[in-house]
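This report refers to the structure that appears directly beneath it.
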Amino acid sequence: MELLWDGYIEPLVWIVAKILAIVVPLLVAVAYLTYAERKVIGAIQLRKGPNVVGPFGLLQPLADGLKLFLKETIIPSSANKGVFIIAPMLTFILAIIAWAVIPFDEGMVLADLNVGILYIFAISSLGVYGIVMAGWASNSKYAFLGALRSGAQMVSYEISIGLIIISVLLTTGSLNLSDIVRGQTGGMWEWNFVYHFPMFIIFIVSILAETNRAPFDLPEAEAELVSGYNVDYSAMTFALFFLGEYANMILMSGLCAILFLGGWSAPLPFLEFIPGAIWFILKICFVLFIFLWVRATFPRYRYDQLMRLGWKIFLPLSFAWVMLVATFLVVFDKVPA
Amino acid sequence: MVVQALAFYLFATVAVLSATAVVTVRNPVHSVLLLILTFFNAAGLFVLLGAEFLAMLLVVVYVGAVAVLFLFVVMMLDINFVEMRQGFLNYLPIGVLIAVVLFVELALVGAGWTLTDGAVAVLAQPTPAGLTNVEALGQLIYTDYAYIFQAAGLVLLVAMIGAIVLTLRHREGVRRQKISEQVKRNRADTLEVKKVPVGRGI
C-alpha cells in the first residue's frame, strides 16, 4: 500500500497539480488576450474598445465565453461527424500540451526534456491537422479552400522557423529549452536577439504566418472565404478553435522569448531581484503586443505574395544565416562544448 | 516499471489496431488519419525505448510533413468508393501472393537470427552510457559515417532537382508580380505632367 502511494499516487497528484497550475492561468491569459487585443486595436484606431461589461469592460471575455458556451452546437448534415468533432479538440489539445516543456523560471518546468525544442517543433507541426481536418470534414467549399490555404501556409513557414531554430541551437549547443535560456545570462546584451538580429525579425514574421495572424490571416480572409476553415463551426466547437489559436499565439511568443529574449533572465543585473517568471511573462506580453500592433497596422497579404515571402526570401535568408553561423563558430573556434 | 509496461501496451495496441484499420476502412482520408495515428504511436514506442530524438524526428518528418502531403492529395481526389471496391477480388490473388512472400522472408530472417556475445547488453541500451541521444547520433553520423551521410544528402539533392525539373514548365501569358521592378520604379518612369490647354485636349 505504501509503495502504491509513494510510487504512483503521490507523483500523479503532484503532476496533475502542476498541469493545472499551467493550464488554468493559460486559459485565463487566453481570455484576457482577446480583451487586450480589442483594447489595443481600439486605442490604435482611436476608439474605446470593450467598456460596458464590468469595470473597464474587464468582464467582457467572461461574457463572450458564456455566450459561446450557451449557444447550440450545430453539426452540418453532410459533415463527416467524427472528424468534424475531433478537429477542434485536436487543435485545442495541441495548443495546450506544448506548454509542458516551457521553462518559466530556473527549474520551473513541467518536463525538462533534453529535446524540448524539437518537442515544441513537432507539436506545432501537428497543428496543421486540426485545421485541415476541420476544412475537409465540413464538406463545404469555403472551409476546404481555407483549410488548404492554411495548411500550405503553415507548412511553408515551418521550414524557415526550423532553420532559425537551428542557427540559435548552433550558438547554444543544446536542445534543452532551459539550457538555451542559461546560455543567454548576463544582461540583455547577451541575449540572442543581439547576435541573431535579422533572424529575430524573420522569426517574428514567421510566427505571425504560422499562427495565421494578420497580415497573414489568409485562411480567414472574410472577403473571399467568409471565415475559412471554421465557417461551419458554432458554439463550443468554434470556441475550441478560438482558444487554440490564441493559446498558440501565447506559445509562440513564449518560444520567441526563450530563443531570442533570454527567457526568464533579467535585462539588467540590478533588476535580478524580480522573480524570473515575471520577466518571462513580461517578455511574452511584449511579443504579444507586437502581434496586436501588426494586426492593427498592416493590410492583408495576397496569397502569392505570402508564398513568395516564405519560399523565396525567408528560406534562402535563414539558410544562409545557418551557414554563416556555423562557419563563424568553426573558424573562430567558438563551437559550444 | 508498471507504468512503462502499461504505456507500452497502450501504444503497441493502438499502433497495431490503427495500422490494421488503415487498410480496412473505406474512406481514404480516414485511412491517412489512422496512418498518422500509427506514426504517432510508433513515436511513443521510441520514447519508451529512450530514443527521444528519433521519436521527435518521426513526428516532425513523417507526421508533420510527409503525411500532410498525403492528406492533401487524398483530400483533393474525388474518389468513387463503390468503383474502388469492385476491383478488390481481381487483385486479391496477387495481393495474397505478395503477403505470403513477405511473410516467408520475415520468418526466414527471424529463424536465422543469432546474437553475438555481448549484443544483448547493447540491445537494451539506446545510447552509450553518459551520452544524450543527439550526441550519440551526431558522433556516429558525422564521424564514423560522414561520407555515407554526405552521399545520402547528394541522393536527396538529385531527387529534389529531378522533381523540380519534371514539374517545371513555363506557361505563356502568365503575368507575374516582379517586386524588385516595382520597387525600382521612380516617378520619372511612371508619371508625366502635361499642361492640357482648355478646349483642345491632349
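Every residue, even glycine, has its Cβ placed from backbone N, Cα and C.
TrEMBL labels come from automatic prediction, so no person has curated them.
These come from TrEMBL:
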TRANSMEM  A:12-35  transmembrane segment
TRANSMEM  A:83-104  transmembrane segment
TRANSMEM  A:116-136  transmembrane segment
TRANSMEM  A:157-177  transmembrane segment
TRANSMEM  A:189-209  transmembrane segment
TRANSMEM  A:238-261  transmembrane segment
TRANSMEM  A:273-294  transmembrane segment
TRANSMEM  A:314-332  transmembrane segment
Other than its close neighbours in sequence, what residues sit by the transmembrane segment (A:157-177), given a CB gap under 8 Å and a spacing of at least six beyond its ends?
101-103, 109, 112-118, 120-121, 124-125, 183, 192, 195-196, 199, 202-203, 206-207, 209-210, 258-260, 263, 310, 314-315, 317-319, 321-322, 325-326, 329, 335-337
Check the transmembrane segment (A:273-294) against each of A:12-35, A:83-104, A:116-136, A:238-261, A:314-332 and return whichever range has the most CB pairs under 8 Å.
A:238-261
Touch test for the transmembrane segment (A:116-136) and the transmembrane segment (A:238-261), at least 3 Cβ pairs under 8 Å:
yes
Distant-in-sequence neighbours of the transmembrane segment (A:314-332), which means Cβ under 8 A and at least six residues beyond its ends:
157, 159-160, 163-164, 166-167, 170-171, 196, 198-199, 202, 205-206
Is it true that the transmembrane segment (A:12-35) and the transmembrane segment (A:238-261) have 3 or more Cβ pairs under 8 Å, skipping pairs fewer than 6 apart in sequence?
yes
Remote residues contacting the transmembrane segment (A:83-104) - C-beta distance under 8 A, at least 6 residues beyond either end:
22-23, 26, 75-76, 110-113, 116, 119-120, 123-124, 126-127, 129-131, 133-134, 136-138, 177-178, 181, 232-233, 237-238, 240-241, 243-245, 247-248, 251, 254-255, 258, 263-264, 276-277, 280-281
Are there residues at least six beyond either end of the transmembrane segment (A:238-261) with Cβ under 8 Å to its Cβ atoms? List them, or say none.
26-27, 29-30, 33-34, 65, 68-69, 88-89, 91-92, 94-96, 98-99, 102-103, 120, 124, 127, 130, 134, 164-165, 168, 177, 180-181, 191-193, 196, 199-200, 203-204, 207, 210-213, 230, 280, 283-288, 291
